[in-house]
Amino acid sequence: MQKILDTLYQGKNINQKQSEALLHSIIKEKLSAIQIASALISMKIRGETFEEIIGAVNILLTHAKPFPRPNSLFADITGTGGDNSNTINISTTSAIVAATCGAKIIKHGNRSISSLTGSMDLLKQHCLILNSPQQARKNFDELGICFLYAPQYYTVLHRIMPIRKQLKIPTLFNIVGPLINPSKPPLTLIGVYKKELLSPIIRILQLLKYNHAIVVHCGGIDEVGLHSPTHIAELHNSIINNYILTASDFGLDSYPIEILRCYSRKQAREYMINILKGRGKPAHSAVIAANVALLLKLFGYTDLRANAQLALEKIHYGIPYTLLSSLSETKIQNHATHNTR
């Protein structure tokens, strides 16, 4: 293991097998916090490679807590985080809206590490991140959506969280997070914090045999955006295509990114709730509609403009907030039942 660490410290790449060995040592608690931090920083400085990423993904997937995988078609929508944009939480809000549009969603996420707020920071306030795998699956069967809190399925992620929080930078674990959903979805929409990650991530999704996957980056954020062209890498039937989308492709207006900024977790939550209730700012609702539109493409709905309008219609009537309330009520009811046993 020291040889692998020395290679990293010298600014050199490690191969897939070495990456697997490194992750295995981290999982088995054979490395100190300083060694882990040093390895992560070494990769971050020169840029994580395809082999380093796939090696980490392979090992982590073999150590996931089992999840009762549905037989039906379902998707994840997630991002690497780490873009330091401090925008509203787009992927979580989009997941809820997409579910009201008929998409089946199993969203995998984490607490904030290097960003202002993570998907699970928002959902924690609605008691939605501590579901057992069985309860999460029940929510999926009944409501068409559920949320999987990454550290519940990967104990190593819980152990290294303090290290990542102290580093306050995106690392290898930001990159692999969207690739290790324990439900192993056949469809996924992934945002990456830098354009250079589009190619390695879509190639890894190809190796993992996803049916249909889209990876996006837009002007510094790991989402579909309306402030700048969105760069796309799409995998469908084992074929990869690259292209660019703009706001007009969704039938939406452009907005400056500054309108999406938020400056506290409280504000992030308020923005999300307002969007779901149909009371959000037009720019907020529009960017959610764009992300939902592309997500629906994974399910075969190829008209992005029609998809965006469907999302805006659901938002206008507050239907996504009703779904969020149903998820919260389900959690509370199950908690009460558990306590009376």
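Placed from the backbone N, Cα and C atoms, the Cβ positions cover glycine too.
Lifted from Swiss-Prot, the feature list:
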BINDING   GLY79, ASN110  anthranilate 1 binding site
BINDING   GLY79, 82-83, THR87, 89-92, 107-115, SER119  5-phospho-alpha-D-ribose 1-diphosphate binding site
BINDING   SER91, GLU223  Mg(2+) 1 binding site
BINDING   ARG164  anthranilate 2 binding site
BINDING   ASP222, GLU223  Mg(2+) 2 binding site
* Which one is it: of the binding-site residues GLY79, THR87, ASN110, ARG164, whose Cα lies the shortest distance from the Cα of ASP222 (Mg(2+) 2 binding site)? -> GLY79
* **Residue from GLY79, ARG164, GLU223 whose C-alpha is spatially nearest that of HIS108 (5-phospho-alpha-D-ribose 1-diphosphate binding site), among the binding-site residues** => GLY79
* Specify the nearest of the binding-site residues GLY79, THR87, ASN110, ARG164 to GLU223 (Mg(2+) 1 binding site), where nearness means the distance between Cα atoms. => GLY79
* Look up THR87 (5-phospho-alpha-D-ribose 1-diphosphate binding site) in the DSSP assignment and report helix, strand or coil. => strand
* **Three-state secondary structure, HIS108 (5-phospho-alpha-D-ribose 1-diphosphate binding site) (per DSSP)** => strand
* Asked: Cα-Cα separation of ARG164 (anthranilate 2 binding site) and ASN110 (anthranilate 1 binding site), in Å?
  -> 12
